[in-house]
Amino acid sequence: MIIYPAVDIKDGRCVRLVQGEFDKVTVYSDNPVEMGLKWERMGAQYLHVVDLDGARTGQIQNTPIISEMAVKLGIPVQLGGGIRTVETIETLLCKGIHRVILGTSAVKNPELVKQALKTFEDSVVIGIDAKDGMVAIEGWAKTSEFTAIGFAKKMEELGAKTIIYTDISRDGMLAGPNLKAMEEMVKAVNIEVIASGGVRNIDDIRNLKNVGVSGVIVGKALYTGDLDLKEAIEVAK
């Protein structure tokens with residue numbers, strides 16, 4: 001199981017939101033690249049980066065920082081937030097981003113998913129953000145008509161190999177992950193499930209490992225010091 005430290009970028013800074021609310025922001029660093037390098041030094045095998053401005057506007061906004069990250073970090077970076085076209089995917093992969101995450105665009109534009117998976121294969125990951133079991137879109141501002149599990153199965157049929165499953169109600173709350181929802185998702189699909197949202201301590205890492213997810217994205221708990229990255233990586237092995 002891989003631990004993915006999360007670096008969320010807003011206005012060029014490394015921040016954390018509570019439940020995706022843009023007015024509930026805590027700034028942790030003015031230098032997201034340095035933050036990524038810090039997690040790498042502590043043993044991270046992979047970095048999870050989100051362009052929050054991009055998620056909100058539908059277009060990548062923090063390109064210079066993201067490009068610098070891809071160049072300076074020795075570990076792979078997966079990026080989400082505002083990726084809505086095949087051209088954007090191609091540009092990001094050319095800049096050295098290892099994997100891109102399609103969220104809102106996967107819901108609104110299944111043709112894009114089909115084309116992206118066909119062209120870029122494993123370099124495309126599907127982000128499924130759920131609110132009460134329903135898929136949420138556009139920076140979590142709206143709920144779609146899809147159930148999270150139904151949508152995951154649809155993405156698997158289209159050829160997706162990995163999904164990132166976020167429980168919005170838990171995100172940034174340090175309330176513990178929704179283990180039941182994660183377990184249901186793992187059992188429902190035959191592809192890799194990366195869990196996101198609510199991780200607060202080492203016990204949550206152990207519990208998620210038992211559920212059978214292939215990876216865990218950790219944000220706030222690393223920044224508050226409630227979770228030690230080295231210990232989390234050790235437990236995840």
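Please read every residue number as a count from 1 along the shown chain.
Yeah, the Cβs are placed from backbone N, Cα and C, and that goes for glycine too.
The Cβ neighbour count for ASP8 (active site, proton acceptor), using a 10 Å radius over every protein chain in view, is 25. The active site, proton acceptor feature in Swiss-Prot is assigned to ASP8.
DSSP gives ASP129 (active site, proton donor) a strand state. Among the features that Swiss-Prot reports, active site, proton donor is placed at ASP129.
The distance from the Cα of ASP129 (active site, proton donor) to the Cα of ASP8 (active site, proton acceptor) comes to 16 Å.
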